[in-house]
């Protein structure tokens, strides 16, 4: 693929460099923050070779697929002459990350703003109307908050995948040969698999500060505050018992109280304090006072307020999703979680679950939520197979054939935005099909004990190797049930070939 050519074509269709505020990429998408989003010709971008789909909203997302998104972002940076950054909405926070033309315009109000003429659109069909509804929903403050959470965690996912796969290899190796656990080099390999999890708080703090426009190194320090060993108090000695630190109202402190949610809030507060101090402290002494005062004030607030409250929030969310929905809800809970995950992905609020997944992995080595939520993607696969069996439309068949292989491996955006969501009814049957697989996985967890994914970022068949306790077979069983039910429901109730006209030019 010629990434430079693709980047130039995308640039032409979004309205030239002057229309770009910031850009970045995640694992599968080039993400563009535009001055005038309505100028971008999303339909034309979708037709470009190498583009799997387009998600419109406050942020234009060009779906290129795993690996391709990073290369497309690099080519885009060369052409625009600016480095990418995490997308943000605050003008003050993005001044140093904007494209050159936009930076000049923002810095000098006398510079004339280029008039961008919206590209004419054709008559809206059902697919366009559906995407417009999604776009409108993606402009809320809640949506922006979840997007920021995603920006904090998405850069960490490749590391989580790498360490998760190494952990899975070690687990399989230990199962085959239990004596290998005494081998020193095996312990080194196992240690490599734990690097990201053991330093997750520091990475999250760094990324949070960067996302919020503060000094990343202060965010790094903020990530270490809730995990200070000193918070455990004084260890027991020969003649004295251990003494734990306590605070009013909340009682005893422990390192890690509040988890990654506490780290994010602490790093955000560090950023707020830092910005306020830079406005009131003279430049001559700013270098010395701002970091020190930020650390003292931020750490005090973290220890006495943020950590205890974040701990209550994390415990509440974990109880709701794991103890109540899965442990007590069982089959019904698994069905509901898997069925409604695709709508969450469509609205972007699934990113709010990432801190919970990360904390579960940090706590006991796996997240039991991901194997159930991954069934939603399997329902999409079944839906696509059913549509492929019934439709005679060559355009729709081509779209599905191109998107189906990567959807089996866990990249579902092309099927969601290119097939099921515009057609609507197949989207509903795919959700229900995934629900049956989620119910099966939840039922088996009740029967044989909890298991989960030891890594974030993997889905589809690629999740099987990182399933804990050697129970990947039950995960694959649930995945297959989702495919079968998604296919059956779509074939019987969800699709008629006349629907293909809705998404075909």
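Glycine residues also receive a Cβ, built from the backbone N, Cα and C atoms like all the rest.
Predicted automatically and left uncurated, TrEMBL annotations should be read as such.
Quick look at what TrEMBL lists:
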- 4-86: domain 'PTS EIIB type-1' (DOMAIN)
- 26: active site, phosphocysteine intermediate (ACT_SITE)
- 82-109: region 'Disordered' (REGION)
- 147-505: domain 'PTS EIIC type-1' (DOMAIN)
- 152-173: transmembrane segment (TRANSMEM)
- 185-205: transmembrane segment (TRANSMEM)
- 217-237: transmembrane segment (TRANSMEM)
- 249-271: transmembrane segment (TRANSMEM)
- 283-307: transmembrane segment (TRANSMEM)
- 319-349: transmembrane segment (TRANSMEM)
- 369-387: transmembrane segment (TRANSMEM)
- 423-444: transmembrane segment (TRANSMEM)
- 474-493: transmembrane segment (TRANSMEM)
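The highest tally of CB pairs under 8 A with the transmembrane segment (283-307), across 152-173, 249-271, 319-349, 474-493, is held by 249-271. Through the fold, the transmembrane segment (152-173) approaches residues 26-27, 86, 180, 186, 189-190, 192-197, 200, 203-204, 207-208, 211, 264, 351, 354-355, 358, 361, 365, 453-458, 465-468, 470 of its own chain, all at least 6 residues removed from its boundaries and within a Cβ separation under 8 Å. Of the ranges 185-205, 249-271, 319-349, 474-493, the one with the most Cβ pairs under 8 Å to the transmembrane segment (369-387) is 474-493. Model confidence over the domain 'PTS EIIB type-1' (4-86) is summarised by a mean pLDDT of 83. When other Cβ atoms within 10 Å of the Cβ of the residue listed as 'active site, phosphocysteine intermediate' are tallied across all protein chains shown, the result is 20. DSSP assigns residue 26 (active site, phosphocysteine intermediate) to coil, not to a helix or a strand. Remark: secondary structure over the domain 'PTS EIIB type-1' (4-86) totals 35 helix, 20 strand, 28 coil, with classes taken from DSSP.
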